[in-house]
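**Student:** Just lifted these from TrEMBL, have a look:
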BINDING   K17, Q18, A19, L20, R21, R165, L166, G167, R168, G169, G170, G171, Y172, Y173  ATP binding site
BINDING   I63, E70  substrate binding site
Amino acid sequence: MATRTTTAASGAVLEQKQALRSRVRRNLKALDPIQRKQQDEAVQKLVLEAPWFKSSTSLCAYISCEGLREVDTSKIISSILHKPDSACNMQIPKTLYVPRVEDKESNMKLLHITSVSELIGNSMNILEPTPLDNTGHQREDVMQADKPVDLLLLPGLAFDRSGRRLGRGGGYYDRFIKTYLELAGKRGWQPPLSVALAYSTQILDEAIPVSALDVPVDAIVSPSGVISVSSIALERM
């Protein structure tokens, strides 16, 4: 009986998520291109000027996809990959890892890149790092790195003000974050600050339905500002 009840509850959550995804996708599609560009600029400016971003030394970030209507990260990525070339440039050098989907079973690697030229379009026209670097060696996987990442910049379809995140249904980021947090715990590392980037229409006042597999974010950056949710965010932001 308990199993049947659990299954029914899981099915109800799934239906609620699907309905919410459809609604948010419609809202994103209706977003005026000029307004969307303004929001892209505002979100990236907030990130680039934030002390928690400037002080980060190793981070994971998504490469935005126009087709998915994700908040643009091009300026953020360019800033991270820019090599300081003068004493006047005070940016702390950063190590960057970006996603590469491995299969349809929610497995995703985050691999080290040093230039946007190391990215190629996959079957869905989403830019990903090549498996090998320019020297023919395997790219460093963040899971094999000898130092922790301190920041995760995450996409999503919708978020509520408690930090619950609605993804696109693949489970890739939830699985990655859980695995990385387990690794950090085993190595005695401080968990990274997870920050989602969102358009205004993606911030919901209602609670997003979640399952045991869903991982909340620590904070959300929207054009209106930063919503700090977790104790980690309140300490570091």
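Cβ atoms here come from the backbone N, Cα and C positions, even for glycine.
Note that the structure is a prediction, hence the values are computed from the model and not measured.
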**Student:** For the ATP binding site, please report the maximum Cα-Cα distance among K17, Q18, A19, L20, R21, R165, L166, G167, R168, G169, G170, G171, Y172, Y173 in Å.
**Tutor:** 21
**Student:** Who sits close to G170 (ATP binding site): which same-chain residues at least 6 apart have their Cβ under 8 Å from its Cβ?
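**Tutor:** Spatial neighbours, sequence-distant, of G170 (ATP binding site): S106.
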**Student:** Looking only at K17, R168, which of these binding-site residues has the biggest number of Cβ atoms within 10 Å around its Cβ?
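**Tutor:** Compared across K17, R168, the most Cβ atoms within 10 Å surround K17.
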**Student:** Determine the Cβ neighbour count for I63 (substrate binding site): the number of other Cβ atoms within 10 Å of its Cβ.
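**Tutor:** A count of 19.
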**Student:** Give me the CA-CA distance between E70 (substrate binding site) and L166 (ATP binding site), in Å, as a whole number.
**Tutor:** 13
**Student:** Identify which of the binding-site residues A19, L166 has its Cβ surrounded by the largest number of other Cβ atoms within 10 Å, counting every protein chain shown.
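**Tutor:** Answer returned by the neighbour count: L166.
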**Student:** Measuring Cα to Cα, how many angstrom lie between R21 (ATP binding site) and I63 (substrate binding site)?
**Tutor:** 21
**Student:** Round to the nearest Å and give the CA-to-CA distance linking K17 (ATP binding site) with I63 (substrate binding site).
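**Tutor:** K17 (ATP binding site) and I63 (substrate binding site) have their Cα atoms 24 Å apart.
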**Student:** What number of additional C-beta atoms lies within 10 angstroms of the C-beta atom of E70 (substrate binding site)?
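**Tutor:** The answer is 22.
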**Student:** Is it possible to get the count of other C-beta atoms within 10 angstroms of the C-beta of Y172 (ATP binding site)?
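**Tutor:** There are 19 such Cβ atoms around Y172 (ATP binding site).
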